[in-house]
């Protein structure tokens, strides 16, 4: 709809430049994060097995600690990705033309 | 003395038979058995009557007939044509080409004699 | 002690503040100074409408009752946000590029702009949201009740609920329907919500800090007292822990109000990127002090105090009135923000998917240009908002605000999560179909109603007690809490599992067996591969649509100024003078999407379709055209095939005709030949027999000669007739072979003797190879001899060498026996070789007494014997080869 002209879409290149490659691995890591979080947050299911009890304070600290770590990791990923998206936009004028294009 | 008859025919027995019949009646008979040089032979010998077989080695009797009719000197030559094929279209073809008489083999000796006599008198 | 009046004053002041904030934000946006309104922080804060009054107050109550389980409501959304690369990002991209206005619009748009699906999701959302709104009203009422004196509680409660509902309706109508284009977000509302979310977080944190440091003596003390309290031992229901985490994650994606702030109001990736970590942080902070507050409440307040109100009652009990009021405002914020956004979201759905289609239908075709659609849409939205709030209020009143409402939050979650399979399927699976989505939603909705929603009112309220005990219609496996006999499950988990599982299975199965419409397939492709192909969906034709009508309609939906600006901009872009652009397909798409922001995709499609009317080429039309084209191509291909067939037949006929003509010519020629061959000897016979009959002047010698000529010619005739008969028999295949065995050499001896029987003149010398000839053959020896005789006599007749010689060469090669007859003459001219095996083909001028049938007969015979006769061109003289299969030949014994 915008005047970006005809289809400029070609096959994605086989090899990406180093920055794009970094970026993609970062996205992979970001994708993995919730999986990791879910696994860690499923640990409470194991509490109380075999009669051993876990104190509420300990449990709370565990859950919140994971939470904080996840938030920190997500923030690092998001900020790094945001920065690389921004710089990619400056470098690549074609990307700028398509504001709504996914940033890779 | 009757006239001169030229017989162009490739079958030896028939040549012999016709020669015998005509010469017995006083005709001078010349024979020739090749189609290819038949027209020249007719011009050279200048017969009163020509008896021409339709199927000859070298050249067909119809072609010889047409050549003779195209030649002003020969256009009036009486020609008796003989054929063994006996098909009506052969007769039509010959008549269109200007044949004087057309006879289908086998013929009776008297028929041949009458025909030659009639042709020479005409 | 805070009086109700003070509280009301605070509340009113606060509401006034919100109005002010919203107003300022709207004005700033209108003047183009609204960059800060789109800040990721504002977006993140607006997401916090996830935390409603139910979680604001109820989390503490939940912690008291079930320990850490309240966390699941926050953990699920946290994971979904942190995992935004999986689903959210795509959802937001689709929402932005397709101008999606609601969950219902998303589903409807994805599945071929089906309004039926839109209606279904709208009803689901309405049923799920109404009790939730009631819950918010209840929480406000309850919180007000905390401040009330015992006597005025009841009365104040009812009044509060009504006033709150009315106030919210007013706010929502004013700020929720300011403009119709979803592209110009509800900045005022979003900003107000952001402020509210700050208020509620501040309030909760303030209470938490007060409790932790003011009551329990710091972090260490708090932890100790937690462990010492009723909550000290971790009681973990594993099933609910996992189930609720998943459920809340799913609900985050499906809740109409969350969809509204998260997808519809989203502007950019940056917003989402920040929210991906900031929103979990918000949730974490919101839940951080829940347990300490719960423990404090249990310690400080008398037994039996409502734990759902600890957030208020704990500060009050400690004489912290200001804190309590702040806390009240926090709860009030939670409730109001949720109600406002939910009302906007649901009213958009109701308006776009139920009211507008109905209105369009009643106006009949072409009506879209005759009325002021903009006003209609506005009115329909406003009425919808009021209707939704009214429903919530009525629900609150009729349900009596009892305990039934407390559970409605999760019940509502399960209900709205029924959209998830269709949503995720639509985003990630191109095979998802309209039928599948409808079937899945229906199954999920019905199961949810039966196993969770209706039972949530309590046994005997809506569903009779008998149904719980014995199942529907007395069928045990239809018990609402033990479907298919699966007993002993927590009712919520039971309903969640069955409804979502069967919903997903039905959705999947029905999608597999059904076939999507063309529009659906296009939309599906668009949605699933949104990352690769941002852009419009299906196209309108570029035909000369009524631009002015479009203009009028657009004016009525978007407003005159905006519509004119839009059209003028497009005209400039197209390089046209004046303000009316050509209705290019591009423009029609832009327009449709612009309108879909106001009235929903399906309605916008229908409206533009109505005007562009006959000019429009829907995908179905295109497909139909394509089908027709395909049919025509098939037809013409068939015609072509037929004409080819005809041509082939004609060619066959022609060739058959040629063959017949040829045969006829051949037959004529054959008859001529036969006639010639018969008449020639007959002529001689007749002539000489007449000569003999006449007798006169004939010498005895001559007579004898003529008689012998007659005899010879008669013989020739006989031979000819014999040959003809022979050939005829052979050609008709009537000959029966008389197969015998014999030595080839003996056969050759016999043939040569026979061929030489009438020999006269120069003798033909025959060269043979007796050793090679010692081959036993098993065939019709007489026929083969006939061939040999013919070949030997041909050599004898036609060999023109001074000393004629015939060499007979016998060989065996490749399982075949060859017998060659080669003479030393000049052979047969190359051009004549083709015809020598034909009948009457005499190549020699030399009269040899034959009718020219010999080789023709020989060929027939050899063919009948399974062999072949050919002329050997590379020999010096005339050379014939007879080849016979060796199975009729055996080596000499």
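Cβ atoms here come from the backbone N, Cα and C positions, even for glycine.
Any TrEMBL annotation is an automated prediction that lacks curation.
Over in TrEMBL, the protein carries these features:
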- C:625-666: coiled coil (COILED)
- C:673-888: domain 'Histidine kinase' (DOMAIN)
- C:6-25: transmembrane segment (TRANSMEM)
- C:37-59: transmembrane segment (TRANSMEM)
- C:71-88: transmembrane segment (TRANSMEM)
- C:116-135: transmembrane segment (TRANSMEM)
- C:160-177: transmembrane segment (TRANSMEM)
- C:198-221: transmembrane segment (TRANSMEM)
- C:241-259: transmembrane segment (TRANSMEM)
- C:279-298: transmembrane segment (TRANSMEM)
- C:379-396: transmembrane segment (TRANSMEM)
- C:403-429: transmembrane segment (TRANSMEM)
- C:435-454: transmembrane segment (TRANSMEM)
Range from C:6-25, C:37-59, C:279-298 with the greatest count of C-beta pairs under 8 A to the transmembrane segment (C:198-221):
C:279-298
List, by number or range, the same-chain residues at least 6 past the transmembrane segment (C:71-88) whose CB is under 8 A from its CB atoms?
50, 55, 59, 240-241, 244-253, 262, 272-273, 275-277, 279-280, 283-284, 286-287, 424, 427
Touch test for the transmembrane segment (C:241-259) and the transmembrane segment (C:403-429), at least 3 Cβ pairs under 8 Å:
yes
Cβ pairs under 8 Å with the transmembrane segment (C:37-59): which stretch of C:6-25, C:116-135, C:160-177, C:279-298, C:403-429 has the most?
C:279-298
May I ask which of the stretches C:6-25, C:160-177, C:279-298, C:403-429 has the most CB pairs under 8 A with the transmembrane segment (C:379-396)?
C:160-177
Quick one: do the transmembrane segment (C:160-177) and the transmembrane segment (C:6-25) have at least 3 Cβ pairs under 8 Å, skipping pairs fewer than 6 apart in sequence?
yes
Determine the mean pLDDT over the domain 'Histidine kinase' (C:673-888), rounding to the nearest whole number.
81
